[in-house]
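Single-structure report; data block below.
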Amino acid sequence: MKEKIKLSLLILTSIILAVANSQTQPKTLAMTATVYDQHTFYNDNFENQGPAYLTKNMVVSKLDKTLKIPQLVSLDINVEGKTGVNYFGTMYNPKLFKYFFSENTNASPDDKNSGKNFPLLMDLILTLNETSGAYEFSKQEYFPINGKGFNDPSYKVPPKYKADSPNVDWFKMAGGGYSQNNYNYCIKLNSKFTYFNKGEVFNFRGDDDVWVFIDNRLVVDLGGLHTAETANIKLKDITNPPLQTNKIYDLDFFYCERRATGSSIQLSTTLEIFCVDDYCGVCNGDGTSCCTSSTCEDNNACTIDKCPKLGSVAPGKFTKDDCVYSEVVCPIESNQCLRPYCDPKEGCKTSPVECVNGNIDKCFEQFGSCDSSLGCQYNYKCNAYGKCNLGCSGGQCKVKTSEQCSEEFGNDPCYTYSCDVELGCVRTEKCSQEDAKLCTINTCLKNVTREDDRCELVSIQEECNCCAGHTVDPCQLPGCGEPGECKPVDKIIDDNNLCTIDKCENGTITHTPVKCGGCSICDSKTGQCVINPPICDDDNVCTIDTCSLVENPNGSIDGVCSNKIFDCASNDTDLCNIWTCDANNGGCQSIKKVCDDPSPCLVSKCEPSTGQCVDSPRTCDHGGAFCLISECDERLGCIVYNRQCASDNRKCQAGVCVNGTSSEEGHCTSVDYDPLPFGCNTAAVVSTAVIAGVTVAAVVGLGIFLYGGKKGYDYYQDNKSKGMTGANSNPLYKESGNAGQNPLYNDNNL
């Protein structure tokens, strides 16, 4: 920004050196105001045949800094009782007053009292009175928008109006049809001035509503429908608090014609009024006179259509190509069974999530309906293999083999191995005692090479003889103790598997598996139930799948699956991130918390440590140039404009701002007008060196005006075709001793 301003200063200085020799007194002061065309059909406060009185105290005495339009003191109306300011001010429909000075083009064109209006731009040009030194505007028959807006013959007359008023010509105005003139309109001008405390005045005479605010304080209060009334304001008389010398203030002018019985206006001021034109070219405008919500409409519900920010387009240069479009981001659905999407015709919508049978690797199968919290529900395809499951790939389940189970048990060749879906790996003796004959033991030979030779029957005839005539428990084998003594021994029932309960009953040896319920499985190395997490996998990226061991009242152990929704923000210290988990779109997703600025002059940002929006004053930069002043306007945001300088003799000299250099600080100086106005003595001739040190009024970037030499200023104005003429050098209004009226001022023109 600073570099752009420096470059502009260099360019303007070269212009000044080429064309400037002296200052000339501006003959006009031109500003672009907004005219809001009105019609009694849309707003019956116009052409209303109520009383015609000058009515004070209709509007609030303090102008809202953000709205910058007058507001009624009351919305009450008592027509029958004929009381109250709104009655005497013929404000019979107070709720529509807000559309006197604000755009309402989107209101219904077919309905009565919809408040619809038609904003138009108008150049308000004040002419220098070289005798008084004031800038004046005077029209006895003032119709600035004849043939325009609602008065344009091409405007489509609402059918309801034709039905209600079949004999009244829309274009001749409904209140009387006295002429083709457009009597129903309101003018708004928001501007600024620097108060120099040198006798500045603001004088007005006209009919119907006139309200003028200085420093957002009501100083001219001529409300209601009335004949021409006068208000003369000496700024030095403004108190509570008084205006401060060399301070910049707002000047806001509001004027309405509401009845077809005359239209006159006369304005005279010595204020050095200036503007920061918006991209519509309107003095201190907010852009709404040429860009509204409908201007940038692209008929795509999936885009956010906005007018450009103030200052992003050169003054008066707005086109629809400057509109700003951004993509609508549809909010993430908390319902996992709905998927958000944007329809170009209808905007954000949702569609049901289609739960496909089988996920990407085909290892899961859908069951049941979609769960609003968890989304699509899937069963692990390989759950049927229970504790023999080793996972899934490409839809193929991997199952424990006998070889793998053999490894778990140490590859003992005396057993046959397999995997049981409930028990996991199990083994069976190859040399079963049930195959043994009487008085023999079936033993296993580990070192043989042929499986057919693995089992060998060993005779225990001697032991049988010792127990002859004795009853031996079926779970025991005969044995000998002392000579001739029968001493049975227990059968070997241990299968060396810690995950089985070995038992012999009535001679039958059993190996009952240790029961581990749910998602638990017995660890063959420890004999304890341990978790088996794969069983709990629900194929949902938004859940944490865990298996926990729970002891039942009977002492048994069960594994319980848990599919807790994942907290995406658990490891994020930035609380400005808004997290959600979309099971149908990759899992955790975050968006930054958006803090809306509460006003144009406050910037709101999210504080990462708290997640709260924190407001701070907006900083407005003017590049450090002495001849530029920046401020934040509650309605417009950051604006940058030229510094106004008071001259030593306002009638004979112009106040000129000189930017600082490396060796000299910026300052204001006085330069004689050339030619000098009548009555001014010849003074020092301004040098090229002085001119080269200043800046002229010009638009830079965000509607910036740079001040300086008058010739350079005139050169810029000639090329711009339209401008704020004389903003830097209006001569002082010369007061008389009788109530502030200039003796040479022609009062007959009022």
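Residue numbers in this text run from 1 along the chain shown.
Every residue gets a Cβ built from N, Cα and C, even glycine.
Of the candidates Asn554, Asn719, Swiss-Prot records N-linked glycosylation site for Asn554; the remaining residues carry no such annotation there, which does not rule it out for them. Between the listed ranges 391-414, 727-750, Swiss-Prot ties the annotation region 'Disordered' to 727-750. Put plainly, the glycosylation sites Asn447, Asn554, Asn659 were compared by Cβ crowding within 10 Å, and the winner is Asn659. Mapped onto DSSP classes, the domain 'PA14' (140-286) shows 15 helix, 57 strand, 75 coil. Calculated from their C-alpha atoms, the gap between Asn506 (N-linked glycosylation site) and Asn659 (N-linked glycosylation site) amounts to 116 Å. For the glycosylation sites Asn129, Asn506, Asn571, the largest tally of other C-beta atoms within 10 A is found at Asn129. Checked against Asn129 (N-linked glycosylation site), the glycosylation sites Asn554, Asn571, Asn659 differ in C-alpha distance, with Asn659 being the nearest.
Annotated pair Asn659 (N-linked glycosylation site) and Asn554 (N-linked glycosylation site), C-alpha to C-alpha distance, rounded: 93 Å. The two recorded residues, Asn571 (N-linked glycosylation site) and Asn447 (N-linked glycosylation site), show a Cα separation of 58 Å. Across the fold, the C-alpha of Asn554 (N-linked glycosylation site) and the C-alpha of Asn447 (N-linked glycosylation site) stand 44 Å from each other. Over the topological domain 'Cytoplasmic' (710-750), the average per-residue pLDDT in this prediction is 33.
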